[in-house]
Amino acid sequence: MSKITIKTLKFSNVMSYGKDIVIHFDKNPVTQLIGGNGLGKSTIATVIEELFYNKNSRGIKKDALFSWNAPKKEYDMHAYFSKDEDEYELHKVVKSTAKVTLIKNGEDISGHTATQTYKMIEEIMGGDFQTFTKLIYQSVGSNLDFLKATDATRKAFLVNLFNQEQYKEMSETIKADRKEIANTLNNLQGQMAVITKILNGKNNLGTLQEPVEVPEFDEEPLAQELTESKIKAALAKSQEANITKLRNLDKAVQVAEQSFEPFKNLPAPTDQNEEISSVTRDLTIVTSRASEVKKRYQKFKQEASNTECPTCGTHLNTTAAQKAMDMARVEYDPLFKEKQSLEAKLEQLKKEQLEYVAYTRAKDALDKAVVARDEFKNSMSDASFEELNVQILQVQIRQLEQEIADGRSKVAIAKEHNATVELANAKYKAKLEQIEKAEAEMTEITSKLDGVSEAVADLDILIAALKNLVGYKLEHSVKVFEELINKYLSIMTGGKFALGFELDETKLQVVIFNDGNRTSMENCSTGQQSRINLATLLAIRMLLTSISKVNINLLFLDEVISFIDTKGLDTLVELLNEEESLNSIIVSHGHTHPLAHKITVKKDAEGFSYLE
């Protein structure tokens, strides 16, 4: 096993720190790092991780590593360490990019890139980042929850601790193979289920069906005959309409003749319209004159009747008025007689005009009826008025239509039946072909199924065997782990407490003994739990060191003693002082031990942290 000694760490402008911070790790077996919260005690472990592996276990982002108070984004890390007989110097400068320099025995052996250099560092340190950080750094949130963890988490940690990942990886590989083969098995079982279902339908396959003969049906002669019958029927309806119209026209002539019968043997009356107009004008003139004379007569009659003045009562002479009245009467009488004569004549003329109008209307109606009848008869041929039997033709049409429909129906039914038969036979042939194919495939699938089932069973046995092997190796390794824990626990608790691991079927139980009495972690005080956890932590590191390729001198205990009393801290310092080739850094806040070297973290006036 190679021995690595990290001797000195120098750094500048990292997080809370200023320039030129120096800490020597190999000078004292135990160093207490003291300071208030937030001053940067844990940062020292972070610097070591970032310098050696370009990552940190606290999950701090790269951009957050730059100094909080420096004007430039730039930091510097420097470490001096040895491996066996070789001396190394590791230097890292980070600005916008990172430059990493590795010097071995005074010779620069850096790679062309930072990535290549870090691969070289990992080979020198003899392990990956996880192994490195478990060896050098333990905090409240790292391995101290091991004893309270779930069974699965505890087992996973122990598998990793005892370097049994190879069995886990082998088991995972076999499980992956088993899953793949199981998928094949499921696929084959699915195929077999389909084949079985197909073969189960063999009894319900049925038989081939026979088609029927499609009857011969020549529709054309019937269709032609139907067309002719429809034409005849249409013609018959037209002739029937012509005959009906002619009858109506004859009837109209007869009605017109009856209306004209009173005027048939009489001379044609004369139109008296002009004479009526003339007599009407004369009557209007005579009536107007008679009315005027009558008004004069009435006036003179009124004057002749007034014989006394209404104002003075004097007797008035009415002779002139009486004479004018008589003259008006003489003038009115012939006008009145002439008016009566004209009125009588006008009455007679109107009567004669009414007779003329009645005659004219009857004569016009008769003439129009005769003309309409004659014109209609002349526009039609004699054949247009021949009577055809429409009912017989309609019966013929219905019979022909039914005969055509029946013929079509028989052909359609036969064709539909044959189409159904063809589809059913196609399905039958497809099922038969499917069954024959399934019978041919069944032997092959059965053979494959047997082989794959056997392979799955073998892998299940192998998985169970690996599980039992891991359990056996864990059980054996846990005894060594248990002895190592109890070695440290006896020192930390003065022999009061002991710890044991018990396998309950497949579960790994943690049992605590207090003065020989069985108890649990939950029943212990916080301080007692801290001592038990510290003993476990030291045992874990010792195991890691024993199974690793290298032994690293540095152990950084970051506030893992928060709940330990003064006596417990003294015991821890004394225990660590006795550990060979181990330089321990204990981060704490208060009590210090006289055997421990003390470094205090302080803050200067500019807000930068520094070591004193």
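These residue numbers are counts, starting from 1, taken along the chain as shown.
Every residue gets a Cβ built from N, Cα and C, even glycine.
In Swiss-Prot, the annotation coiled coil applies to 163-193, one of the ranges 70-100, 163-193, 194-224, 566-596. Other than the site residues GLY35, GLY36, ASN37, GLY38, LEU39, GLY40, LYS41, SER42, same-chain residues with C-beta atoms no more than 8 angstroms from the centre of those residues' C-beta atoms, the ATP site, are SER16, THR43, VAL601, SER609.
Applying an 8 A CB threshold to same-chain residues 6+ apart, the list for SER42 (ATP binding site) reads ARG58, SER139, ASP558, GLU559, VAL587.
Cβ neighbours within 10 Å of ASN37 (ATP binding site), excluding its own Cβ and spanning all shown chains: 7. In the three-state DSSP scheme, LYS41 (ATP binding site) falls into the coil class. Using a 10 Å Cβ-Cβ cutoff, GLY35 (ATP binding site) registers 19 neighbours. Confidence over the coiled coil (288-459), given as mean pLDDT on the 0 to 100 scale, stands at 82.
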